[in-house]
Amino acid sequence: MLLVIDVGNTNTVLGVFDGEELVHDWRIRTVIENTVDEYGMLMYNLYKTSKISSKAIQHIIISCVVPPMLNILEPVCEKYFQVKPLIVGPGIKTGMPIFYDNPKEVGADRIVNAVAVFEKYKREAIVVDFGTATTFDYVSPRGEYMGGCIAPGIVISSEALFTRASKLPRVEFSTPKLIIAKDTVSSMQAGIIYGYAGLVDGIVARMKEEIGSNPLVIATGGLAKVVKPETRSIEMIDDMLTLEGLRLIYKRNS
């Protein structure tokens, strides 16, 4: 079995593939203060509850945008699984040309998403990934990574509102019925959800104008399901796009 690990700034997503089939996946918090043994035991217990033996994990690949986490997860893989993980980074085979001024600057998760979307859908696409930051990445009809843009994520944008405006409460991410709201909580929810949907639609529209075509627009990431219904541009959600991309990249390097 193949263990894929996608380390984001806020959450870490793990998945186990048996061949091409994703048989289990989990989402845990990214905590750089945790020790090797704390992460090792957490992962061990996740597998145990899913009735997966640690000995069944024969291969591991990691995509990480939080460099200190590699100092934790690499030893975890070697100590608890006796496997040296493959790390997505410079020099790894992606099978995708990267048209970026400095390819080393591109976040591993962005490349992984691009690889997955082209392999899976076989067409040009814009991938919108709702994470700590929200990324917009364009893949050409020839399967080339052409770049994109990065916006503040919906969570950190909202945190700025809660922390900088002392009289405004924290609110849950849910969509109010009306944009012209009648109370403070609903007003904030309207601003956050509809405002962010407008940000997404605006950026996608400008990207399409610059590209001069009409690519598939696909969303992934933890909050995609909250924002997508309020957008006009996102056509579909693929929750497991990043995990699938990691599987593909591992295959191309094995």
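Backbone N, Cα and C atoms are what each Cβ position is placed from, and that goes for glycine too.
A 10 Å cutoff on Cβ-Cβ distances gives D109 (active site, proton acceptor) a total of 27 other Cβ atoms nearby, all chains included. The active site, proton acceptor feature in Swiss-Prot is assigned to D109.
Taken from Swiss-Prot, the feature ATP binding site covers D6, V7, G8, N9, T10, N11, T12, V13, T132, and the record attributes it to sequence analysis. Around G8 (ATP binding site), the same-chain residues at least 6 positions away in sequence with a Cβ under 8 Å from its Cβ are T30, V65, V66, D109, G131, T132. Mapped onto three states, the DSSP output places G8 (ATP binding site) in coil.
Annotation note: D109 (active site, proton acceptor) sits in a helical segment as assigned by DSSP. Marked as substrate binding site by Swiss-Prot: Y100, G107, A108, D109, R110, T184.
Residues or ranges marked as K(+) binding site by Swiss-Prot on the basis of sequence analysis: D129. The Cβ of D129 (K(+) binding site) lies under 8 Å from the Cβ of D109, R110, N113, T135, D137, A219, T220, G221, T242, each of which sits 6+ residues away along the same chain.
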So which of the binding-site residues is most packed in, judged by how many other Cβ atoms lie within 10 Å of its Cβ, out of Y100, G107, T184?
G107
Out of D6, T10, T12, the binding-site residues in the record, which is closest to G107 (substrate binding site) when you go by Cα distance?
D6
Candidates D6, T10, T12 (binding-site residues) with Cα within 10 Å of A108 (substrate binding site):
D6
Count, for each of the binding-site residues T10, T12, T132, the other C-beta atoms lying within 10 angstroms of its own C-beta, and report the residue with the smallest count.
T10
Within 8 Å of the centroid of the Cβ atoms of D6, V7, G8, N9, T10, N11, T12, V13, T132, which other residues of that chain place their own Cβ, given that this set defines the recorded ATP site?
T30, V65, V66, G131
